[in-house]
Amino acid sequence: MWGRNSTFYRFCNVYFRDQLVEDQQQPEQSDGETGNTANDVWNYVVFVSFVIVSALIPIRKRLFRRSTNSKSKQDYVFGAGHISTLAMMLSIARGTLGVISVLGYPSEFFYRGSAMWESLYGVITAYPIVCFVFIPVYFDLGITSVYQYLELRFNSRLVRCLASGTYILRTLLSLGVTIYTPTVALNTIIGVPYWVSLLSITVISIFFNALGGLKAAVAADVIQSLSMTAMLVGIIIYCSITVGGVDQIFAISSENDRFAFFNFAADLHLRVTTTSAWLGELFNSLSLLGCQQNFVQRYLSMPTFGQIRRTLMLNIPVVAVLFSLPWFVGMAIYAIYWHCDPLKASVIAKMDEILPYFMVDRFDRVPGVWGIFVGTLFNGALTLNISNINSLATVTWEDFLSLLPSLRQKSEKQQLNVIKLVGTIYAVLIMGVGFIVGLLSGVIESSMLIISATSGPLLGVFVLAMFIPFANWKGAAMGMVTSHLSILWIVVGRLIESSVSDSLLDTSIEGCYADLMEARNNASLLIVSLDDSVNVVETSNLLNRIYSITFMYYGVFGTVLTVLSGIVISLATWSSHDAYNMKMLHPAVRWLYSRCPFSGKHFGSFEVGGASSYGGTGKETVPKC
């Protein structure tokens with residue numbers, strides 16, 4: 001496996017071609033170049049074909065339909081109820097198998113172990129909560145934007161705009177990172193310039209968005225989920241055969257301390273524990289699945305609550321499998337390279353390059369294989385971009401542009417054209433974020449920390465709306481602002497002042513060749529310098545203790561800060577002008593509130609004179625406690 005004729009050695013010769021070219025024999029070089037050229041042609045053909053076919057299948061009917069009737073706004077936003085349960089399941093589960101997870105989880109396992117894998121507990125726990133707590137409140141209101149609910153509950157456009165702005169900012173930053181991720185693989189493996197990849201994703205997204213809508217976005221998600229799953233399963237099968245079975249994969253990982261399950265340590269400064277993985281991911285998933293437009297938009301496109309419930313509950317095992325697949329891939333790749341780490345040997349520059357490197361190393365001479373791999377990554381970023389552009393445009397129209405009388409009075413067809421134009425603008429903005437990610441150092445880490453920090457305020461304001469009867473718009477708005485500023489302060493302090501340990505697990509290059517021994521020595525020096533510069537968190541400095549809290553808890557802290565601040569400010573500022581329709585509360589809260597024992601105490605009148613703008617059936621009153 002590790003001889004001079006292995007694929008690994010050939011790749012190292014390519015990587016160090018400037019240093020080794022004088023030692024290579026000319027005939028062998030010519031033959032190798034001829035073979036590689038033929039394989040490159042096949043890989044290019046497979047890559048382009050895969051992207052084109054995957055992009056055109058979801059909109060084939062729209063392309064070849066000769067009817068002049070335009071798609072309605074309702075059909076564009078909700079798919080007009082014509083999406084199957086299975087397709088919707090895969091589309092919702094698609095968020096657990098994105099490009100970042102496919103590249104990030106294998107490297108996480110390889111270099112840090114399985115601790116982060118336990119965040120699956122939080123994802124699974126979030127599904128029934130979203131199904132039986134959040135969806136019943138949304139379903140009967142007939143809303144297009146989930147943030148419209150906040151305006152109905154608090155009678156405040158400000159709260160709605162704060163939540164919508166949080167979602168838009170988070171999604172733009174996240175998509176900028178997402179579409180940049182496959183450009184690294186394209187540039188490293190194929191040599192495509194970054195700007196070509198970013199521009200291609202943007203142009204295809206604009207074209208797809210103009211002709212598609214939610215139904216096409218769901219279809220694209222289905223294709224991507226199936227293709228990426230097939231690719232990951234294929235990698236696992238190959239590695240199992242190579243190392244001698246699945247049991248060997250588990251044995252190698254176990255013997256080298258890669259499994260780190262059920263660590264219930266109470267230290268908030270440890271990067272990942274079982275508690276922080278479960279609790280942190282639970283709050284992040286509730287914010288994502290229960291309070292984010294692109295997911296709620298899919299729930300509300302289904303005709304009955306029974307179908308929504310069936311879709312979400314059946315999705316739990318699907319999500320568990322899709323979430324775990326990249327981790328199994330990381331385990332399988334570790335079984336291949338456990339005694340010759342490409343990062344430690346300086347063959348790759350970053351830990352996230354381990355999976356692309358594996359594809360080139362093992363399948364360089366198999367025509368089309370890494371073309372499919374790169375095509376899957378490219379298409380993954382593309383479909384996620386398309387899907388979220390649809391939701392971004394919908395939120396912008398419903399929460400901002402529809403306020404303008406000149407736009408509100410336009411026909412439905414003209415409104416749909418405006419929504420598509422907004423989607424085009426967002427596609428260009430996302431491309432700009434992608435360019436910034438590629439030009440500036442540290443942007444990826446900073447943006448991901450900020451994105452995770454926005455989960456708490458968004459979830460917290462929905463908790464206030466659904467479960468706190470006396471919460472008013474002043475408490476909700478100030479709660480979100482307080483939470484945003486507090487978490488942002490912690491994030492900035494973490495990036496600037498705190499020394500947080502982020503050490504990697506030990507790896508070996510004992511199985512590598514003599515050609516890489518010099519790289520090994522350099523890597524050892526680097527590791528020593530890193531060990532010297534990363535110290536244990538200082539316990540004497542309170543600010544450092546705060547800044548060094550693991551990012552896994554940001555969503556939890558943000559939610560708690562929003563709710564507590566909102567409760568205090570609401571109690572201090574409640575007035576009769578804060579009355580609202582009690583239908584906006586969760587049914588269980590309405591039932592409990594009507595039977596509260598605090599006789600003679602009240603927080604104002606809950607009477608609402610009209611129901612046309614609130615989704616109610618008339619004047620509704622809750623007994624004053």
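Indices start at 1 and increase along the chain as displayed.
In case you wondered, yes, glycine gets a Cβ from its N, Cα and C as well.
Annotation comment: TrEMBL describes 41-59 (among others) as transmembrane segment.
Marked as transmembrane segment by TrEMBL: 80-105 (among others).
Within the chain carrying the transmembrane segment (125-147), a Cβ under 8 angstroms from the stretch's Cβ atoms is held by residues 77-78, 160, 163-164, 167, 278, 281-282, 285-286, 289-293, 296-297, 299-300, 305, 308-309, 312-313, 315-316, 319, 394-395, 398-399, 462, 466, 583-587, 615, all 6 or more beyond its ends. Annotation comment: TrEMBL describes 125-147 (among others) as transmembrane segment.
As annotated by TrEMBL, transmembrane segment applies to 159-180 (among others).
According to TrEMBL, the feature transmembrane segment maps to 192-214 (among others).
The transmembrane segment feature in TrEMBL is assigned to 226-252 (among others).
Panel annotation: around the transmembrane segment (272-291), residues 92, 95, 115-123, 125-127, 129-130, 133-134, 146, 163, 261-266, 452, 454-456, 458-459, 462, 550, 552-556, 558-559 of the same chain, lying at least six beyond its termini, place a Cβ under 8 Å from a Cβ of the stretch. Positions annotated as transmembrane segment by TrEMBL: 272-291 (among others).
The feature transmembrane segment is assigned by TrEMBL to 312-337 (among others). The list of residues near the transmembrane segment (312-337) in space but at least 6 beyond its ends in sequence, with Cβ under 8 angstroms from a Cβ of it, reads 85, 89-90, 92-93, 96-97, 101-102, 104-110, 114, 117, 120, 123-124, 127-128, 130-131, 135, 225, 229, 232-233, 235-236, 238-240, 242-243, 248-250, 252-253, 256, 258, 299, 354-355, 358, 362.
According to TrEMBL, the transmembrane segment annotation covers 369-397 (among others). Here the transmembrane segment (369-397) has Cβ contacts under 8 Å with residues 42-48, 50-51, 54-55, 76-77, 91, 94, 98-99, 102-103, 144-145, 147, 164, 167-168, 171-172, 175, 178-179, 181-182, 185-186, 189-190, 197, 201, 204-205, 208-209, 212-214, 216-218, 220-221, 223-224, 227-228, 231, 292-294, 297, 356, 359-360, 363, 415, 418-420, 422-423, 426-427, 430 of the same chain, all six or more residues outside its ends.
The annotation transmembrane segment is assigned in TrEMBL to 418-440 (among others).
Residues or ranges marked as transmembrane segment by TrEMBL: 446-468 (among others).
With a cut-off of 8 Å between Cβ atoms, the residues of this chain six or more beyond the transmembrane segment (551-574) that come close are 119, 268, 271-272, 276-277, 279-281, 283-284, 287, 449, 452-457, 459-461, 463-464, 468, 470-472, 474-476, 478-480, 482-484, 486-487, 490-491, 494, 603-604. Annotation source TrEMBL lists transmembrane segment at 551-574 (among others).
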